[in-house]
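Worksheet: one structure, shown below.
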Amino acid sequence: MAAPKVAVVGAGVIGLSTALCIAETCPSCSVTVLSDQFSPNTTSDVAAGMLIPHAYPGTPIHVQKQWFKETFSYLFAISNSAEASEAGIHLVSGWQVFKNTPKEELPFWSDVVLGFRPMSEAELQKFPRHQFGQAFTTLKCDCPPYLLWLEKRLKATGVQMSTRKVTDLWELNSEYNVVVNCAGIGARQLVGDEKIFPVRGQVLKVHAPWVKNFIRDGDGLTYIYPGVHRVTLGGTREKESWSLSPDPGTTKDIFERCCSLEPSLRGAQDIKVKVGLRPSRQCVRLQKEVLSQGGVKLPVVHSYGHGAGGFSVHRGTAKEAARLVGECIADLQGSSSRAKL
């Protein structure tokens, strides 16, 4: 069989990192990324890019932990390299604070991040409305630079990028041997998955260079994440809302909530408002499927539905998707050598 041709549909963080893992683990493959939108116009460009996992109710915890661990290790290595600045990856320390002590004082990822510990009484004095907190150091991706860095790595490994709107995976059958579906919220139309739904997120990107520590309310709604150039203030989680228009009332509410956690933000300048639709599902869909029409088969690997946690697990799920692509190719090569016999 000639060099297998693989199409990856979607150019957010999941699509790009999956394409990179496939190119790295299967150098004989010809890989193409197909998407109607590339950075800076993807949902991933709006994301805060903090590595604090979001739990998926339908995915076993040990699997989620493995995905997070692989992603953390991968980005930690980049943060310790000369490419850290270009890739937009840096370590950031801070606090997750709770109004009431959570049932789980040790989240499943506590031994993956660095220096995880309960907050001291002295630290908690900074947050008079909260009675419990956790301090740790994690990684932050500045998303647009990271996506551009991934694209550069892909081009260096010979991966093609093509601007194309795919409306049906079957239309790729004549050109590609395996198709990888990383369409995010687009999977709802593309493969008719009714289980995926948008969770609208509105965030503010502000200039406040004095803010060095992240602060996250334990409910996950209010957060302050310092990046290299701007601080991300959030946020909202609006289920089933498809609106991409910023809401001025929401902007005011986010700003007030963040100022109550960090009063110095009242001096923030140059406030930009961004909206993204998180592709949410009870569990990430990460599996193989063989589409069939009139005796013709098309192997597909699905990897979508990462919701609010895409950045925290992107490398781990990309490695798993690449492994499934390898299985599809082995099956194809097996059937083509059997056909010759």
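Cβ from N, Cα, C; glycine included.
The number of other Cβ atoms within 10 Å of the Cβ belonging to THR43 (FAD binding site), over all protein chains shown, comes to 24. According to TrEMBL, the feature FAD binding site maps to THR43, SER44, VAL166.
As annotated by TrEMBL, D-dopa binding site applies to TYR223, ARG278. Residues within less than 8 Å, Cβ to Cβ, of TYR223 (D-dopa binding site) and separated from it by at least 6 positions along the same chain comprise ALA48, MET50, PHE214, ILE215, ARG216, ASP217, THR232, LEU233, GLY234, GLY235, CYS258.
The domain 'FAD dependent oxidoreductase' annotation in TrEMBL covers 5-324.
Annotated signal peptide per TrEMBL: 1-19, in sequence order. When Cβ-Cβ distances below 8 Å are used as the criterion, the signal peptide (1-19) is approached by residues 26, 28-35, 37-39, 42-44, 47, 143, 146-147, 150-151, 154, 159, 161, 166, 169, 172, 175-184, 186, 190, 303-304, 306, 310-311, 314-315, 317-318, 321-322, 325, 329, 332-333, 336-337 of the same chain, each at least six residues removed from its ends.
Across the domain 'FAD dependent oxidoreductase' (5-324), the prediction's mean pLDDT works out to 96. Fewest Cβ neighbours within 10 Å among the binding-site residues SER44, VAL166, ARG278: this applies to VAL166.
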